[in-house]
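Colleague: Here's a structure for you.
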Amino acid sequence: MTMVGLIWAQATSGVIGRGGDIPWRLPEDQAHFREITMGHTIVMGRRTWDSLPAKVRPLPGRRNVVLSRQADFMASGAEVVGSLEEALTSPETWVIGGGQVYALALPYATRCEVTEVDIGLPREAGDALAPVLDETWRGETGEWRFSRSGLRYRLYSYHRS
């Protein structure tokens, strides 16, 4: 059976993206993301794929799978699938965004790795928002740390059976 995990960074307001981009830079979160996902399958939506810089697309060291409703969509270096179930064929799969793909994958997930960024970013119309975890999830919260970028952040690890 496939272990499905979700991984994201969010502002304290729950915003994960604005205008097709991540509105902060946190090198420590990028390193954490790389450590968690390296060697595994990563699943993302088309907009997340498009938001990756061309020089790192596909993300190296991982099987990149793009979920798209467009049957003719091409993603050089990645597999394109039409359903989440088609993507869940590896022993460990990490969903990396965006908001719609997180919502589809949440019922399958048993792990969530979350970076909370302490940044004043009120919600606006059109923002991509983090999934809401219900009472079936149990988590461990890390201490607040300071990034080299000057932002404060902390890591959460959530699990459910």
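In case you wondered, yes, glycine gets a Cβ from its N, Cα and C as well.
From Swiss-Prot, for reference:
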BINDING   Ile7, Trp8, Ala9, Asp29, Arg34, Arg62, Tyr102, Thr115  substrate binding site
BINDING   8-9, 16-21, 45-48, 67-70, Gly82, 96-101  NADP(+) binding site
DOMAIN    1-160  domain 'DHFR'
Colleague: Taking Cα atoms as reference points, rank the binding-site residues Ile7, Asp29, Tyr102 by distance from Leu67 (NADP(+) binding site) and give the first.
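Modeller: That would be Tyr102, the closest of Ile7, Asp29, Tyr102 to Leu67 (NADP(+) binding site).
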Colleague: What does DSSP assign Leu67 (NADP(+) binding site), in three states?
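Modeller: Reduced to three states, the DSSP call for Leu67 (NADP(+) binding site) is strand.
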Colleague: Based on Cα coordinates, which of the following binding-site residues are within 10 Å of Gly97 (NADP(+) binding site): Asp29, Arg34, Arg62?
Modeller: none
Colleague: In three-state terms from DSSP, label Gly17 (NADP(+) binding site) for me.
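Modeller: DSSP call for Gly17 (NADP(+) binding site): strand.
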Colleague: Could you tell me the C-alpha distance between Thr115 (substrate binding site) and Gly17 (NADP(+) binding site) in angstrom, no decimals?
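Modeller: Computed Cα spacing between Thr115 (substrate binding site) and Gly17 (NADP(+) binding site) is 13 Å.
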Colleague: Does Gly17 (NADP(+) binding site) have same-chain partners at least 6 apart in sequence with Cβ under 8 Å from its own Cβ, and which are they?
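Modeller: Gly17 (NADP(+) binding site) has long-range Cβ partners Pro23, Ser51, Gly97, Gly98, Gly99, Asp127, Ala128.
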